[in-house]
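**Student:** Look at Swiss-Prot and you will find 114, 115, 116, 117, 118, 119, 120 tagged as ATP binding site, backed by sequence analysis.
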């Protein structure tokens with residue numbers, strides 16, 4: 001049964017969140033009555049207002065109005081006045097993932113999961129399906145540059161969604177195709193152990209119907225091990241390794257563009273086909289791997305090699321994923337969401353491959369708990385940066401932890417052999433350092449999930465003004 005239009009006004013608590021805003025937008029486009037509230041005004045909130053969705057700033061019980069259904073994310077605390085008022089009124093409370101699952105019932109669905117690369121891969125799958133004329137509906141965890149939003153309403157039968165594993169609710173999503181990019185020990189505060197993370201991803205793939213399939217990256221040891229544990233469901237593997245069903249080869253860089261070929265092997269017949277001369281306007285082996293996942297999905301859904309090539313070459317990227325924010329005297333500045341050591345390492349490796357100049361990394365660690373749990377990994381993930389500049393930890397509401405600081409991280413980076421690691425107190429120190437350090441051809445890469453994105457956009461202007 002699909003969700004009836006008669007459910008009444010749907011109120012989103014935290015409507016400006018990247019996950020919530022996309023669901024609200026698609027619900028609105030489907031003809032449901034939608035409103036919401038958020039702690040602060042934002043670009044997402046304004047975008048929803050522009051589409052005719054009423055958005056309140058601040059959380060108050062009276063914001064509910066005539067709402068008959070309330071949608072919440074896991075970030076909303078039980079003490080939230082709107083949530084308390086909704087419970088007093090005995091209104092149904094719907095988790096974000098539950099509402100996403102309801103939307104997915106309107107379409108056949110591709111869900112992209114994994115510890116890293118979900119947002120970019122979701123965008124790539126959407127781009128290829130659009131290029132192939134499938135006109136997909138899309139709900140993503142980041143702003144897709146081609147759309148200027150994280151959601152898109154299509155008329156086709158396919159929906160492409162990002163599956164967030166952080167709180168386990170991705171297991172509620174009724175996907176026909178489940179993509180797994182990689183699995184790392186993240187979100188242990190929710191799962192309790194890495195074994196439970198592994199088990200969740202196994203369920204994610206096995207939840208697809210018998211006519212569906214999983215798409216899994218066997219370049220990642222954890223994912224390869226998981227492939228062997230999947231029972232009674234078809235799996236298509238991808239990666240650079242020779243055993244992958246969909247394999248990228250001949251990867252080379254042309255400036256900031258990745259060029260490569262893909263060999264597709266049919267496991268049943270043993271036959272092979274090749275798509276040659278693929279061009280992706282992004283650097284980095286990790287992005288080529290993400291593109292290969294999208295190609296595996298697109299090929300399975302019947303897209304031609306030409307449609308895949310055309311779609312990939314037009315891919316405009318995702319906001320905060322190696323986004324170019326400006327230039328100064330031949331120095332290019334980039335903003336990236338990377339905040340886990342695996343992501344940071346991949347981004348810096350991509351930057352290194354795309355320039356003959358130096359790579360200057362400016363990092364803002366995100367959460368004391370993450371830095372504490374992954375201190376050794378953070379200390380060793382900056383090797384592809386010639387200079388590392390570390391800002392204070394972005395707490396994201398957490399209390400400090402003794403011995404866990406950016407100052408200590410810099411000490412550990414240096415102790416590991418890095419030749420130029422520095423600590424700064426805040427953003428005002430950045431422009432003078434870059435002015436004295438950077439030369440034409442260098443890349444400055446901002447990394448973090450906090451407010452460092454504002455610094456990345458401010459720096460080119462600050463340098464130009466001096």
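Just so it is clear, glycine is given a Cβ too, placed from its N, Cα and C backbone atoms.
How buried are the listed features, and what sits near them?
**Tutor:** A coil conformation is recorded for residue 114 (ATP binding site) in the three-state DSSP classification, outside any helix or strand.
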**Student:** For the ATP site (114, 115, 116, 117, 118, 119, 120), what does the 8 A shell look like? I mean other same-chain residues with CB within 8 A of the CB centroid.
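**Tutor:** Going along the sequence, the neighbours come out as 112, 121, 181, 182, 290.
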**Student:** Tell me, how many other CB atoms lie within 10 A of the CB of residue 114 (ATP binding site), whichever protein chain they belong to?
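**Tutor:** The answer is 24 other Cβ atoms.
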**Student:** In sequence order, which residues at least six apart in the same chain have a CB under 8 Å from the CB of residue 117 (ATP binding site)?
**Tutor:** 181, 182, 286, 289, 290
**Student:** Hey, of the binding-site residues listed (115, 119, 120), which one tops the CB count within 10 A?
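**Tutor:** Of the binding-site residues 115, 119, 120, the most buried by Cβ count within 10 Å is 120.
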